[in-house]
Amino acid sequence: MPANLTEGSFHANQTVPMLDSSPVACTEIVTFTEALVAEEWGSFYSSFKTEQLITLWVLFVVTIVGNSVVLFSTCRRKRKSRMTFFVTQLAITDSFTGLINILTDIIWRFTGDFMAPDLVCRVVRYLQVVLLYASTYVLVSLSIDRYHAIVYPMKFLQGEKQAKVLIGIAWSLSFLFSIPTLIIFGKRTLSNGEVQCWALWPDDSYWTPYMTIVAFLVYFIPLAIISVIYGLVIRTIWMKSKTHETVISNCSDGKLCCSYNRGLISKAKIKAIKYSIVIILAFICCWSPYFLFDILDNFNVLPDTKERFYASVIIQNLPALNSAINPLIYCIFSSSICSPCKMQRSQDSRMTYRERSERHEMQILSKPEFI
């Protein structure tokens, strides 16, 4: 995805900044280097470039392998649910992020110049931005689906097509909002003679309004929607639990109490909510520093110092980290992947048939793919 850098900052770096795979980055990120001796800066950045390449390769491998495991786990399930569908969509998005965003960044760092034709430049940039939007909007869709599962459980059971509709809208908006990228970016020769897939702005001042709009469409507005939705979900769960405590304390009919218990929010749904919240918290932790840094930088709030550059390099690694973390979160919540088989066989040998059946039923209910 396009990096928000001016040509002047590119000359200072002599390479593409870390998160070349995102449309929101830092403007004139190393202007402080004008005060440094050129030789000192060159040796400093060369060593840093090697570390960044190692980091990118690690993130790429973890992202592809981790999400491949998730896709294999969800696809081999005979009993699929709406939560399985959303987990699959998230894994698909993260996998393409690794292939199109992280891998192209690695290739670009090795080649230096952009070797492909102008059309490839525009298409690659477009797909990178599509994936950025999609990764956010899939989370919004997941939040809406969990809201309906908790607040309107009866309608939720009747609306099996809702998940596909939500994902369809998420991807449609992603492709639509990314169209300006096809116009903004193109292959160009910079004043230092290097050929790059770069923004074709008539003036660098265009970056500030453009990147501000992108930041709100990609991050701030979706985050506000997600926060409101999960606020309502938590409120609904709390109210139902309070009502449950009151009814149970006053309940004298055993059959009536059992019937009421069956109408409560299931443990499976609660675990799905926990899984969704952890995924969203990971998204917030990885992307908040990045977008906040970009907004402050676009409005010239940050000083031109070495510390600013060091911070920017670390911050620009966080978004790529998000696609590698998601499958690890799924692994933690899914006992089907992380449970040691030998331990289970040992436990099975000491259990009665009834105990094994009850444990198997609880494992099915606890897996996010069956929620």
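Cβ from N, Cα, C; glycine included.
Because the structure is a prediction, the values reported are computed rather than measured.
Here is what Swiss-Prot says about this protein:
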TOPO_DOM  1-52  topological domain 'Extracellular'
CARBOHYD  N4  N-linked glycosylation site
CARBOHYD  N13  N-linked glycosylation site
TRANSMEM  53-73  transmembrane segment
TOPO_DOM  74-82  topological domain 'Cytoplasmic'
TRANSMEM  83-103  transmembrane segment
TOPO_DOM  104-123  topological domain 'Extracellular'
DISULFID  C121-C197  disulfide bond
TRANSMEM  124-144  transmembrane segment
TOPO_DOM  145-164  topological domain 'Cytoplasmic'
TRANSMEM  165-185  transmembrane segment
TOPO_DOM  186-212  topological domain 'Extracellular'
TRANSMEM  213-233  transmembrane segment
TOPO_DOM  234-275  topological domain 'Cytoplasmic'
TRANSMEM  276-296  transmembrane segment
TOPO_DOM  297-312  topological domain 'Extracellular'
TRANSMEM  313-333  transmembrane segment
TOPO_DOM  334-371  topological domain 'Cytoplasmic'
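Residues 23-24, 132-133, 136-137, 139-140, 143-144, 146-147, 150-151, 177, 273, 276-277, 280, 284, 287-288, 291, 294-295 of the same chain, all 6+ positions outside the transmembrane segment (213-233), place their C-beta atoms under 8 angstroms from a C-beta of that stretch.
Around C197 (disulfide bond), a 10 Å sphere centred on its CB holds 24 further CB atoms from the protein chains shown.
Confidence over the topological domain 'Extracellular' (186-212), given as mean pLDDT on the 0 to 100 scale, stands at 83. Secondary structure by DSSP for the topological domain 'Extracellular' (186-212): 9 helix, 9 strand, 9 coil.
Spatially close to C121 (disulfide bond) yet at least six residues away along the chain are F114, F185, G186, K187, C197, judged by Cβ distances under 8 angstroms.
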